[in-house]
């Protein structure tokens, strides 16, 4: 029995300590080994960034590359006025090798504009003016004295030109359709330059395979263009979200009870309006041609506006919003008594924030640090991915032993063995030690991104916890509080607990990187038929998702204990866990209900700003038709504003969430240390004492001893 009792023990309650006056000032450095490891890792991260910046070249992403590996349209080069890439024979792009090697086996060169008319080399050669025009699409060195066989043998000119249009800085045939027949330049047939007439549809496969290689870039470029057209409106939307969040927090400080109920009502109304709007769109599309197509039949489309023309899309939105609405209403009904207590707890948190007002602006500092981490990771990733060298390969039409082997364009190979072969740029790669370990450097970049981002988040949590703990353990508020509680707490965290922050964020980062690897494996195994492998992978993903949530919860409370007592991570995590286990009922019914109410506040701000962004960017409101920018995808700025608004609202509301968690943990400590007598008075306010003891007394699992203690020590005694 003793063994079982010790196994299920949740630790001994803390004893009364007359010297304890809140966050300990005389403390030492914790988790020094992890601090050193983190500093070494960050120095290595800086070294990886410097190496990537010295080797990488982002122009490889921005500009198309010709057969010599030169960038078309790059400023300050001879090709500055030649921004478009021209294919000598686009039909060779129909080869399946294009999809494997991501390069068309035909000469590619930079031109100032795409060809505008049909022309063969044979016909152009007979006319001086036409031949001068034709030479704009030929390599250097073509003269009027050279014969057609010599020009074609040396591969200096294409055999034909077709009317083309620039598409993502590449010249593709201007394909059209007339009477159900594929045309190019209004003609259904063309001369391929060898005297043969070909159907225009023969160009389709070549264009299709060539666009597969750049389809992702095309979408990215359109999205980038949308950002350039709408960035200031996106910025305005984020500023509105920030001002709305700040106003909401300030009102919550003075009108907590009213604002919480207004927030609940507004969330229900916003979701209700969303359901009504989806129904109106669903009804408006009735009878429209093509509106009854299912999402499965439509498949994936890069233009997301297509989905908004389908009734099934709006039906799905309506059902999702209705389910969310019903869940929220049911939760509000079943938790109505607990919500009253949680509202009172938020009021107490508002008083704490009122004494530490600068805590409301601390999320801006966290955003700045996170923006620096994200920017460093993104820039390093781009430079690492573009730090390869140009690789040239032998491309040919007939059999050749050198086919697809690497070659040097400056050195001619055996043309006698491969008379029609060419040494063309294939892709970017490399065989040096640096290039062999490039994938490892990318992995290191991702891992350090997670570690640094989690470290910044942990620093914010510990800083706010120390500030609010200073408020709670001040017997006379605010006289016993530090002059600048946030700055004092930030200084203690960085000076003494950098190692602890690094330790907690390292554990979380390892779990997150494992989740990323599992998602990568899941993506690779999507076409697999092994049901057991899919089931096992699904279970692993679920387990690591739960583990990540638990570690985040444990870390958060561990940082609160570190901010108060200054102990190392493992000791603080154990003490926090045991303290929460000894107060499990309070954690379940109070802390989580408060989190639910704060989540509704974030949902309200995102909903209001999202609705405004939708009507503005979609042009649904006539007043904004002339003001709103013309975009390829109007969902791009809408999603950006919605996600940004959530992050901003989360930043501001995280102050309240951290305040509630800190006050709750301090309250549990206070109950164990003190008994409310004159010799051992509570540090909590009379209001907080009444709130949480009321919850304890109403709890059916509360012991008789607890209830008697409640009756003995009323709120008046606590004062």
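From the backbone N, Cα and C atoms, a Cβ is placed for every residue, glycine too.
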Of the residue ranges 182-200, 201-219, 258-276, which one carries the transmembrane segment annotation in TrEMBL?
258-276
Among 292-313, 314-335, 336-357, 402-423, TrEMBL lists transmembrane segment at 314-335
Annotated range (TrEMBL: transmembrane segment) out of 144-168, 494-518, 519-543
494-518
Transmembrane segment per TrEMBL: which of the ranges 77-98, 99-120, 121-142, 231-252 is that?
231-252
Check the transmembrane segment (446-474) against the transmembrane segment (258-276) for contact, please; criterion is three or more CB pairs under 8 Å, pairs 6 or more apart in sequence.
no
Please work out which recorded stretch in 30-53, 231-252, 258-276 has the most C-beta pairs separated by under 8 angstroms from the transmembrane segment (494-518)?
30-53
So if I exclude everything within five residues of the ends of the transmembrane segment (231-252), which remaining residues of that chain have a CB under 8 angstroms from its CBs? That is, six or more out.
259-260, 263, 346, 350, 353, 360, 601, 605-606, 608-609, 612-613, 616-617, 628-629, 637, 640-641, 644-645, 648-649, 651-653, 655-656
Stretch in 258-276, 360-384, 596-619, 631-649 most in contact with the transmembrane segment (30-53), if contact is a CB pair under 8 A:
360-384
Range from 258-276, 360-384, 631-649 with most C-beta pairs under 8 A to the transmembrane segment (314-335):
258-276
In the same chain, residues at least 6 away from the ends of the transmembrane segment (360-384) whose Cβ sits under 8 Å of its Cβ atoms read 48-49, 52-53, 55-58, 61, 246, 249, 353, 438, 441-442, 445-446, 448-449, 452-453, 456-457, 459-460, 463-464, 486, 647, 651-652, 654-655
